[in-house]
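Annotated features in Swiss-Prot:
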type     : residues                                                                                      : note
ACT_SITE : Cys115                                                                                        : active site, proton donor
BINDING  : Lys22, Asn23                                                                                  : phosphoenolpyruvate binding site
BINDING  : Arg91, Arg120, Pro121, Val122, Asp123, Leu124, Lys160, Val161, Ser162, Val163, Asp305, Ile327 : UDP-N-acetyl-alpha-D-glucosamine binding site
MOD_RES  : Cys115                                                                                        : 2-(S-cysteinyl)pyruvic acid O-phosphothioketal
Amino acid sequence: MDKFRVQGPTRLSGEVTISGAKNAALPILFAALLAEEPVEIQNVPKLKDIDTTMKLLSQLGVKAERNGSVYLDASKVDIYCAPYELVKTMRASIWALGPLVARFGQGQVSLPGGCAIGARPVDLHITGLEQLGAEIKLEEGYVKASVDGRLKGAHIVMDKVSVGATVTIMSAATLATGTTVIENAAREPEIVDTANFLNTLGAKISGAGSDRITIEGVERLGGGVYRVLPDRIETGTFLVAGAISGGKVICRAAQPDTLDAVLAKLREAGAEIEVGDDWVSLDMHGKRPKAVSLRTAPHPGFPTDMQAQFSLLNLVAEGTGVITETIFENRFMHVPELARMGAHAEIESHTLICHGVEKLSSAQVMATDLRASASLVLAGCIAEGVTVVDRIYHIDRGYEHIEDKLIALGANIQRISGEE
């Protein structure tokens with residue numbers, strides 16, 4: 001199992017180029033199952049979850065190849081089951097279900113795996129598809145969906161805001177008869193990107209980015225070329241790298257207007273932030289950040305995927321900051337690892353109270369999930385001595401070449417293969 005060895009402390013400064021957003025690329029790749037003609041998807045990050053998705057699509061009969069862009073041809077799909085072997089590593093595979101039942105009248109997906117951060121039930125996906133007329137059975141660890149003829153448009157009020165279920169319902173509804181309205185829909189930029197992709201193929205979706213999405217069903221979707229939006233979480237992670245180390249970081253090929261809540265908190269922490277159309281810069285002028293308090297919330301609130309990075313920021317900041325996690329359970333698993341490096345914090349249910357310390361010391365630590373692992377690597381960059389971060393397969397699921405980008409900012413980091 002690979003590890004990172006990080007020598008600190010380092011002031012992280014320089015430029016990084018932001019990759020395409022994993023959280024948009026994944027639903028877009030699955031939504032390509034709806035297309036009867038070839039699609040080209042640009043700016044897809046090179047990540048483990050993307051590779052797994054392409055393997056899964058290939059098993060369903062999609063012609064999938066990568067040559068700069070990702071090229072998918074789902075015109076000859078002849079298998080409608082996403083098997084356990086591939087699904088077990090990645091929760092996103094549930095997104096195959098809606099397109100399969102919408103286009104082919106049947107689909108089955110093994111109950112999924114992925115990061116171990118609390119309950120992420122597939123119930124909302126299932127009830128949404130049932131409201132569109134699908135019959136759902138849970139058998140032998142598989143979710144099986146079927147419909148006679150086509151799905152039927154419906155007025156769906158979601159019990160709670162869910163990015164995953166919004167994607168499932170929106171994708172499936174593109175080929176339903178009649179009009180579907182999703183109330184209490186998720187508003188994330190990645191939802192907007194998925195809708196824009198589907199519209200490029202001939203779907204009729206309006207309102208994405210608001211809490212009410214309307215989908216007028218069409219007979220078929222064709223092909224097209226689409227570019228995935230930049231990764232706002234990767235952008236935020238590298239900005240935090242600059243903030244905790246007193247550095248100056250410029251993120252190129254970014255989309256700052258998807259990051260309002262994060263940029264506001266970085267300014268509150270004392271950072272000087274500048275933005276352009278496709279870049280954002282942070283300058284700490286050598287200062288320590290000030291602690292900030294925040295609550296995670298669905299977009300446009302503060303993203304849960306930036307919570308671990310801001311926990312780290314608070315733990316090395318001046319003062320005390322309180323972070324409340326409202327989206328997922330078990331999302332403070334990085335905190336005991338940071339405590340091994342000298343961080344002071346208390347966890348009270350869904351709240352983390354961070355008491356900033358002037359410096360961290362190196363330690364051997366273990367990644368527990370994707371964003372937690374990023375915070376541990378950044379902690380190693382600013383800690384005194386050599387930090388070893390174990391189980392970095394988590395980080396490879398969501399960050400493209402993170403060590404190369406950190407090296408470009410001046411980090412002293414190397415990947416050690418499990419054998420060494």
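Glycine is treated like the rest: Cβ placed from N, Cα and C.
Feature map: annotations from Swiss-Prot on the structure.
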residue : record                                        : Cβ contacts under 8 Å, 6 or more apart
Lys22   : phosphoenolpyruvate binding site              : Pro45, Leu47, Asp49, Ile50, Asp231, Arg397, Gly398
Asn23   : phosphoenolpyruvate binding site              : Val163, Glu188, Glu190, Asp231, Ile233, Asp305
Asp123  : UDP-N-acetyl-alpha-D-glucosamine binding site : none
Lys160  : UDP-N-acetyl-alpha-D-glucosamine binding site : Leu124, Asn184
Ser162  : UDP-N-acetyl-alpha-D-glucosamine binding site : Leu124, Ala186
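Every protein chain shown contributes to the tally, and the Cβ of Asp305 (UDP-N-acetyl-alpha-D-glucosamine binding site) ends up with 24 other Cβ atoms within 10 Å. Its Cβ taken as reference, Arg91 (UDP-N-acetyl-alpha-D-glucosamine binding site) is surrounded by 18 other Cβ atoms within 10 Å in the chains shown.
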